[in-house]
Structures are given as structure tokens and as C-alpha cells.
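The structure appears right after this line, and notes come after that.
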Amino acid sequence: MVSFGGFARKIFGSSNDRRVKTLRQRANQITAIEKNYENLTDEQLQAKTAEFRAALAGGKTLDSLLPDAFATAREAAKRVLGMRPFDVQLIGGMVLHERGIAEMRTGEGKTLMATLPVYLNALEGKGVHVVTVNDYLATRDAETMGKLYNFLGLTVGVIKHGLDDDERRAAYACDITYGTNNELGFDYLRDNMKYERAQMVQRPHNYAIVDEVDSILIDEARTPLIISGPLEDRSDFYNLIDTFIPALEPEDFEIDEKQKTAIFTEVGTEKVEQLLEAAGHLKGESLYDIENVAVVHHLNNALRAHKLFQRDKDYIVRNDEIVIIDEFTGRMMPGRRYSEGLHQALEAKEHVTIQPENQTLASITFQNYFRMYNKLSGMTGTAATEAEEFGNIYGLEVLEIPTNLPVQRIDEDDEVYRSVEEKYRAIVRDIRASHEKGQPILVGTTSIEKSEQLAERLRKEGIKEFQVLNARYHEQEAYIIAQAGVPGTVTIATNMAGRGTDIQLGGNLEMRVRQELSDIPEGPERDAKIAEIKADIAQLKEKALAAGGLYVLATERHESRRIDNQLRGRSGRQGDPGRSKFFLSLQDDLMRIFGSDRMDSMLQKLGLKEDEAIVHPWINKALEKAQKKVEARNFEIRKNLLKYDDVMNDQRKVIFEQRLEMMDEEDLTETVGEMRHEVIEDMVALRIPKDAYAEKWDIAGLKEDIISKLNLDLPVEDWAKEEGIAEEEFENRIKEAADKAAAEKAERFGPQIMTYVEKSVIMQSLDNLWREHLVNLDHLRSVVGFRGYAQRDPLNEYKTEAFELFQSMLANLREVVISQLMRVEIVREAPPEPELPPMTGRHIDSTTGENDFDEASWSDHQHDERNVPAAERDPADPRTWGKVSRNEACPCGSGKKYKHCHGAFE
């Protein structure tokens, strides 16, 4: 029975169909003017860029220029690249220009499609970022498509690992910049740790096109980018804790694979308490006493490392390091580390060098980084299953772009076996049969361990012609996958999400030329060799087509339908034939953890014989239902995480904007004056509450505050004895004295040096307090969930307390800045040469008396050190003091010894 919705779609088409129909009409208009552009000379075509820019300067919009700009880019692609964008690629380009996500099947030309909106939007000169998942793709696309952009007079840069700041700045200054999501995000964080705007590398975030957008904005959404600094080395303690876990029995802990949690049972808690006590690391009477919070954290990490994280699935050990493996793509992620001690627990488990824990200096999630762009769009082979998430979180509409030629791939029903062993026997039989008829086969696995187990089975069965692509062989990735379409080739690969390299039947011309002709220079000999390779690939393609095209054989379903669809989509590119099939068992993770209990019992009741499979469309639907449940759960997790991260993100924006304002300020006198007055107002309000009787005043505390925060010794005891004096009068007198001291200091330093000192103190204090604030927010986040047990909304509690922490941080910032500025002095150091004595500005931590940092040296003021009689010394002017003995009374009149007063800063 057809539902009314289904009937309506048949009559009127889906909303996707209607939208495509509208865009196709516009694509037809562009095709209609194609002849006009074909008749232009190269010079006339290149002149179009300047013409379009002049039109924009004259008030025209990008939308009005779209038909002509797309026609220009299409014609340039034909002349420079030898490729003509199809009408469906024009449609995809319009979707990208209009802040959408273009879902385009593998092999349909996403990279070429992107050149159309990239060219159009680059005309504004504000910068266009094309974001890819790895350096190889960023470099490849920048080199290939850069020829097209350069032909049209646009500049192209590429951001990749290993560039210095000058190279990065130059790349970001280009009209078009290719780069990875990681590099762009880290550059943003690093920029917001700089002290001068000239040191920053990025421009404002204008327009980004994200390739493999589902991988970056969905799969990576839970992974924050973090810049961190090392803390103390606790490797011995990690190693000690690690020795406890192998001693545990199954009844000592509980594992929840669905929630990915591991906890100690009561029996297990007693056991580790005994072990800790024997090792002398248990404080108090119980493991859960407040003194043991850090120990419990280490124990939980060690338990997770041993019981939830698997070597060669979640990580590999390489060069004495733990390297994380992306669960979605199977790629290694060197440089990435699990936070909060988990990575150290894994290092202890695998007996590699334990790196020190890190403190977060700056962090941001991809969700919040990419939402900073004025205009964001994306492209991928699979996005429809996550359309709701793209719409809710990023405001991006997903549009499925029709293929240029009909898809001929046959997607067969899944085969389900009772055990993993039976499943693998069936897989080997199927690989052998397809291999013998010369069909290229791509075998998808979910982990390194499983890919290598299957490879070993094939060797034992006498199938030797296969290649393995997983995180261990990451460097050969592009070449291996490019040759996966050669007849008879068997390629075993971990998850194919985001691979970025096309599998072409017969082989990849560009890759073979690079591999075989790298030593032959341009010329007739090279051209002849290329012609031979082309002919060979054409022959091999005919053989592959005759054998049925690429066969995608998957050994397991992934949690995400999207990953499965990406694997299927490797076959049947551009109208080629192909087939796909999934082999499953009841022992697979998805079936075991999330699968339907009814399916399990039903299959067992059928009494299947050994090596017998059940194949039915109902099985596919049941599995899809299980996957939808997982996807919905993961979406809720990401949505919830974003709500918490938005709180920090709002605060991050305030802090980063303040830093930028500080960089641009040429005179901070007014800003610092306001901060000084606010500190004084808070100080007086605390010690002399409004409308309180004089007996309630804390005059001793106020005097202490004035000395510690303002470095002044004022007669507040005498003021308090005056008849009728109120708190406003205290405020005014303290402000007057503090302003006078600050003005005298500014006069001694000179305006240029004073501004530099003020900027340095404010920005470094801000950075230090922001880092502490991030730690405080992490702690708050880790405990606020328990408020739910008290019937309080954890998110609202987090918002309220995070705001209070933020306000407290800003108040603390004012105090720290003013305290340091009221103490900073020019210190004369022994000159290397008498005629050029240097002077150094230092900032002293008022609480420790230690030199907080030493940022600048100046030699444009020159003073001789000499002994000066006390009578000639001006207490307010250290320049008149000359050399003072450290145990002598300080000439400033404070009554303290010089070494405990102004001498403390030398």
C-alpha cells in the first residue's frame, strides 16, 4: 500500500527534485551562453576577471554575476584542464554558492565542481578557503586546480604541515587557499595567542567550501582542537596504576560497550584499595575520600585503556608512540592525543615512553570554528542521512545532485551468518570466485586487526595478489587505492570514508605516470610513454568492465549508514557497472551491541546449518533500523555537547575580541585607568560596605589591600578618624593617589614604553587567567551532570556557574594587571659596554615576588649607576636614588628594607 506522502511525491516530486529542477533551468541558461565564451581569445577570457571585479565595485552582486562567472570558469577548465564541467556540476556549484551541501556520488567530479563557486566568490578578494581532510589532497587539488585559477588571474595558496608563519600568512593572503581542517583550526588558535596583529596569519573568515563535509562537521564534531603545554612528569605513577589492572578478575569491573564506559564494582574497589594501600598511595580511609580524587581518575583511565581500547583498532604503536586511529576513516592521526590522562594510560599499557600530561592553552571544536565563517558550504558523496543535523546545527540544506549518467551498480542484499568464522569462510570463497574471473575487488573492513586477519586467510588459501590499505601503510594510500580498479586486483582496506582518491577501472593514469615516469623529462619520449600507459589502461578497463566492474565486498556494517554508503559508492562511478554486498555475522559488533534481539532469536530458531546464510530484504531493514538508533543517539550526544561548548565559545569570543582590541590600541591610558578605578571600587566596597557603621569598617584590611594591589602606603587609619567621612571619600582619595602614582610612572617610562608595558601585562595576564579558566570549566563540566540527581538541569547549572566563573576571572584580571603595573619599574642592569647600558622592563607577580616574564629591552634611555646621598634622593623618582644597599631602608619611604620593596624587582 502506497502512503499518501509517497503518492504525492510520485505526482509532484520530492522537495529535492523540485529544487534541482529550478537550478537546472539556471544551468541551461549558462549552457546557452557557452558558445559566446568559446569564441573569446585567451586574453579576452582572462580579462573577464577584472571586468567582474569592476562590476562588483560598481555595486553588482555575486548572484547577478553567477551565470557569466560560471561560464568563464567552465571555458577556462576546458582550455587549461581539458575538462568540461557537466550541467549537474553547474547545479552543484550553485548549491555551494548558496550556502548548501551538495551530495554528489563518487567519481562525479566534486573537485572540478567546486572551481565554479570558488572562482565566483574569490572575485570579492576577501578570501575563499577550500577545506580537505589531509595534506595530500590539499596539495594535489591546489596544484591541479591552481592552473585554472592562475589562468584567470587569481592567486592560490596551500596550508599544510611544516610551514612557518610567513609562508602561512602569504597563503592566507591569496584569493584562494587550500588547507586541512586541522591546520586552519590550529592557525586560528595560534593567532589568538599572538601579541601583535602583524604576527597573525589568518584573515577574517569569509567563505569556506568543506570537502568530505560529513567527515569534518559530523564525525569530527566531538573532537576539539587543543593547543596545550606540558605539566609535571607523572610517568612512575601511571606505570604503578597500570600494574593493578591485569590483577583484576571479571567480577571486579563492569563494561558497557554501548555507552563506552568501564567502572569498578564494589569488589574491584576493595581490591584496588588494598593494592594502593600496599603501595603507599591511599590517603584517608577510603578510595573515594576527597584526597584520592586524582587517584580514582587515574584508575578509571587505566581500566578504560585496558578494557575499552583495542590495539590495531583504536590505536597503533609506532616509533615508541601511541598513534590514534580515526574510527570513521581508519586513518592514523599523528599529533593527536587523548586528553585528561587517557593517552598516558594507553602509553603505560603498551610500555612505551609516557609523555607528560598537558594543560589546555586554547581549544575550539570544528563545529564552532566553521560557524565563524560568513558563508559556509560543503560537498560529499553521502550527507542525506545527516540532513537534519546539518540543518539544525549549521543551517545548511543538503541537496542530492543527480548523476551525469545513470548508476548501474547492483547493491545485493546482506548475507548473515551465525558466526564470524562462517562469515570469513564465505568471504574467502566469494573473493576467490570473483578474482578468478578477473573482477577488481575492494574489501572493506572495520579495523587494522580485521584487515590483517583477512589478509592472512587469503594467503593460506593461495590468493597472493592482494594489497592491504590501513593505517600501517598510510603513506602508500593514494597509490594503492588508485590501482584498485585494475582487473583481478584485490584491495583490503579499512573504512573508506574521506579517502578522496577515485578508483578508476583499469587504473589511474596520473598515478601511473607519476610512479613510472618520474625520471623522464618533458619531451617526445615522455609523451610516447604516456600514450602507451593510456592504451594499457584502456585495455585493462575493457577487461574490468567485462568482468562486471568493481566489486565492493564489505565484511561488516558500520554504526553509521553513511560510512556504509561511502564504501558502496566506490563502485559504479560515472555509469560504470559494479556490485556491492555486505557479509555479516551475529557476532559482529553492531549486531551484538545494537542489533534486534528478535532477529537473533529468529535466526537461531531457523536452525541454519553450518556455512549457510540467510539473505532477505527484511534483514537489511532491521539493520538499517539499528543503525538509525545509533545515529540518533550520536546526534543527541553531539547536540548536547554543542550546547555546553557554546557556553565556552561565547566566552572565547569575548576574550579573543578583547585581545584584538588590545593589539589595535595605541594608547591604553584610559582603559588601564578604568581598570584601576574598578579595582579600587571593589576594594572599598569589600572593606567599607555602603551605609555600614564606622565600627564595621575593616580599615586594616583596606590598608593591606592598598599595599598589595596598588603598591601604595596611604594613611587610611587617619582618614577613618575624620568626622563624617564616607566610603565615596575613601574611593576618591585612593583613586587620586593611585592615578598620580601611575601618571608619574608613565612620565618616567615615556608613552611608547608605557603602552608596550601595559599591553604586555594585560595580554599575558589575560592568557594566563584564560588557561586557568579553561581548566575550571573542564572541572565544572565533569561534575555538573550529577546535579540531575537533585532534579536540577545540568545545562542551566553549567551556564550559571560558568558565567560566575567568567565574571570572577575578569575581576581577577583587573586586580592582577593593576597590581603588576603599579609595581613595574625600569631596572638598570650592568651594561656590556659603558656607552650602551640596556634597560629591561619586567613584570613581577605580586603574590610570589617572582619575575613573571621578561619581554622587552630598551636602550634608548641611558642612566649612570652611582651612589647618591640620601638628602639628594627624591622618594617619588627612583632615577635620583643611585645605588642602594639591599638591606638599607627603601628611599621611597615605605619603611621596608630595599630588598623587600623596590629592590625585590631587580
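Each Cβ is built from the backbone N, Cα and C atoms, and glycine gets one as well.
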Which single residue out of Q89, Q483 does Swiss-Prot record at the ATP site shared with G107, E108, G109, K110, T111, D502?
Q89
I'm trying to understand the geometry here, so how far is the Cα atom of G109 (ATP binding site) from the Cα atom of C890 (Zn(2+) binding site), in Å to the nearest whole number?
77
Taking only the Cα atoms, work out how far D502 (ATP binding site) lies from C890 (Zn(2+) binding site), in Å, as a whole number.
77
Out of E108, D502, which has the highest number of nearby Cβ atoms, where nearby means within 10 Å of its Cβ, if these are the binding-site residues?
E108
If you take the centroid of the Cβ atoms of Q89, G107, E108, G109, K110, T111, D502, the listed ATP site, which other residues of that chain have their Cβ within 8 Å of it?
M104, T106, L112, M113
In terms of DSSP three-state secondary structure, what is the assignment for Q89 (ATP binding site)?
helix
In the structure shown, with every protein chain counted, which of the binding-site residues Q89, T111 has the densest set of Cβ atoms within 10 angstroms of its Cβ?
Q89
Between the Cα atoms of Q89 (ATP binding site) and C890 (Zn(2+) binding site), find the distance and write it as a whole number of Å.
79
Can you tell me whether DSSP puts G109 (ATP binding site) in helix, strand or coil?
coil
